Amino acid sequence: MAGQRLAAGFLQVPAVTRAYTAACVLTTAAVQLELLSPFQLYFNPHLVFRKFQVWRLITTFLFFGPLGFGFFFNMLFVFRYCRMLEEGSFRGRKADFVFMFLFGGVLMTLLGFLGSLFFLGQALMAMLVYVWSRRSPHVRVNFFGLLNFQAPFLPWALMGFSLLLGNSVVTDLLGILVGHIYYFLEDVFPNQPGGKRLLLTPSVLKLLLDDPQEDPDYLPLPEEQPEL
């Protein structure tokens, strides 16, 4: 029964969040069971374009390291903030949400190559957190019961926490940079005098992914509900 409830609850999670989280968990499980090796997953331009190992363009965003505290920490934030974006500012706009992933993924891959970064899942997580935080500026965040601050400070708190764990902050900075570029092009520049939307979601994505109507049973997370 508990397993059935867990499965039913997971199926209630929005599609993009559900698919990305499941892919990350399954990839890590496959590495843990030695069905795959991290050396088969990391981004390597030579192997992608000369050996046609094109899956590396995707798997670089799916592997968050071996099973442990770092993995569960990252999955918690990926699941939470990906879901809040999908149920919040991207509600009813699944194609736009997927296009944000594609835009961010391409830009991170190019910049990550210049910086010799081989796994970019943490950068994608930082981008999701950054975009959510800029679109929810008045939400107060409780950071593990230790700190309480406005949402725009969250990406920097995560970067500081990563530094305390002894990790490099370059990947976090890459995600924040790409998140800011997306936020500027999508939310800031179009509202400037003479500005316009530059990131236009391809029609084929809208045709394939957007729902014809909203789910009448939709219930947003508490953070996304308007205050009375």
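Here, residue 1 is simply the first one shown, and the rest follow in order.
Yeah, the Cβs are placed from backbone N, Cα and C, and that goes for glycine too.
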**Item:** Membrane side match, HIS46 / TYR130, Swiss-Prot record
**Value:** yes
**Request:** Compare 58-78, 99-119, 169-189 by their Cβ pairs under 8 Å to the transmembrane segment (23-43) and return the stretch that comes out on top.
**Result:** 58-78
**Asked** Which residues of the same chain, at least 6 past either end of the topological domain 'Lumenal' (44-57), have a Cβ under 8 Å from a Cβ in it?
**Response** 105, 109, 113, 118
**Request:** Using a Cβ-Cβ cut-off of under 8 Å, list the residues of the same chain that are 6+ residues beyond the ends of the topological domain 'Cytoplasmic' (1-22) and lie near it.
**Result:** 75, 78-79, 82-83, 86-87, 94, 97-98, 101
